[in-house]
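Have a look at the structure below before the remarks.
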Amino acid sequence: MSKRILLGITGSIAAYKALDIARLLRQDGHDVQIVATRNALRFFPRLNAEIFTGHPVYVDLFDSSCSVRHVELASRSDLILIAPASADFLSKMALGLADDLLSAICLSTTSPILVAPAMEENMYFHPAVRENMKILLSRGIREIPPETGSLASGKDGTGRLASSDAVRLAILSVIEHTQTWKGLRVLISAGPTHEPIDPVRFIGNRSSGKMGYALAGACASRGAAVTLVSGPVNLLPPPGVAFQSITSARELEMAMGKLFPAHDICFMTAAVADYRIMNPMEGKKKKDGKVWTLALEENPDILSSLSRIKTSHQYLVGFAAETVLDPKKLLEKLRKKGVDMLLANDVSQPGIGFSSDTNELTMCLPDGQVISMGRHPKTVLAEKILDAVEKWGALPNLVSGHEPSDHARRPTRG
């Protein structure tokens with residue numbers, strides 16, 4: 001479905017990456033028009049952008065050839081993407097300023113707007129930027145969250161422009177999947193569990209929660225009412241998502257058992273600790289030069305317990321972190337756990353899985369299919385997982401007919 005997409009480029013060092021986004025969108029058959037700020041032109045060659053898109057790059061608000069160019073461009077665009085979106089430009093949008101062509105277009109349009117922030121981590125998490133983003137989200141503007149990795153300063157952190165593939169998938173979600181999950185209630189667990197040894201120490205794992213949070217954002221974008229239950233992670237909950245924090249496996253078991261009956265689909269992405277301390281200490285354990293032996297007991301199998309109470313109108317997706325992906329054993333696990341879909345990844349592979357923005361999943365289905373989903377950013381995999389649920393999960397039969405609750409209602413534009 002070809003669309004007219006206006007790509008706004010602002011003054012960020014990541015501006016040059018916008019040309020790759022433009023290239024991908026053109027490959028998908030979309031008509032791409034670039035509008036840049038003055039500072040953005042410092043970071044990419046204007047001529048290259050015009051060659052990529054086949055259109056002139058517009059910058060000036062006042063032009064003798066067209067006195068209302070911002071109105072013209074706003075009215076003929078089906079979707080507006082700001083990538084990269086600098087902290088300065090997000091502030092302009094939140095305040096409703098219109099002192100350049102791009103900000104004037106954003107005020108004039110009635111089409112969907114997506115913003116892909118790119119900046120240093122301290123800037124992205126600054127209270128002023130968080131408040132501006134909250135304002136924009138309340139107006140129906142959608143965020144394509146930045147990724148974690150090497151930043152312009154040389155430091156590692158959150159703030160790197162989302163990958164071109166992730167941006168492309170977000171646009172496809174708006175164009176092709178808008179509201180297809182409306183009426184569905186989705187429950188997602190994410191992150192690790194921490195099992196206390198004493199008030200200071202715990203047993204845990206290296207799960208970052210990124211896969212679960214990406215799924216929560218993707219489900220909300222498709223119109224679902226989403227509840228996210230998360231262990232301790234350094235992530236912000238996606239906008240429009242009900243959020244509950246937990247720490248231990250027992251807390252997660254109680255939360256999921258209570259919430260699951262009221263939901264249509266459940267993604268159990270949390271990495272639950274297999275064992276817990278039998279008798280956690282009330283005070284901090286001091287060094288005494290002696291060997292310290294910890295007695296452990298198994299934690300409950302939360303996924304199996306959910307499958308036992310699952311009805312025929314519910315769809316349960318399990319996740320498995322493995323070091324060897326044996327198709328036969330994966331199918332055995334799927335049947336043993338009683339899930340409708342099992343997604344497994346090999347955590348021994350470098351660069352994917354725990355703490356990474358990228359993952360490589362293998363999907364197993366009850367009919368014996370074992371399908372590789374390939375290696376992608378987790379935001380891209382989230383969309384692919386939802387597509388798979390739509391294909392194999394009999395999605396129309398899962399719609400409960402309930403209106404999404406207020407906590408998950410997201411305003412729409414256009």
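Every residue gets a Cβ built from N, Cα and C, even glycine.
TrEMBL labels come from automatic prediction, so no person has curated them.
Annotated CTP binding in TrEMBL involves Asp274, Lys284, Pro300, Asp301, Ile302, Leu303, Lys333, Lys337 plus, out of the candidates Phe319, Phe354, the residue Phe319. Residue counts for the domain 'Flavoprotein' (3-142) under DSSP, helix first, then strand, then coil, are 67 helix, 28 strand, 45 coil.
The 10 Å shell around the Cβ of Asp274 (CTP binding site) contains 14 further Cβ atoms across the protein chains shown. Binding residues for CTP (Asp274, Lys284, Pro300, Asp301, Ile302, Leu303, Phe319, Lys333, Lys337) extend across at most 39 Å, taking the greatest CA-CA distance. For Pro300 (CTP binding site), the same-chain residues 6+ apart in sequence whose C-beta sits under 8 angstroms from its C-beta are Ala249, Arg250, Glu253.
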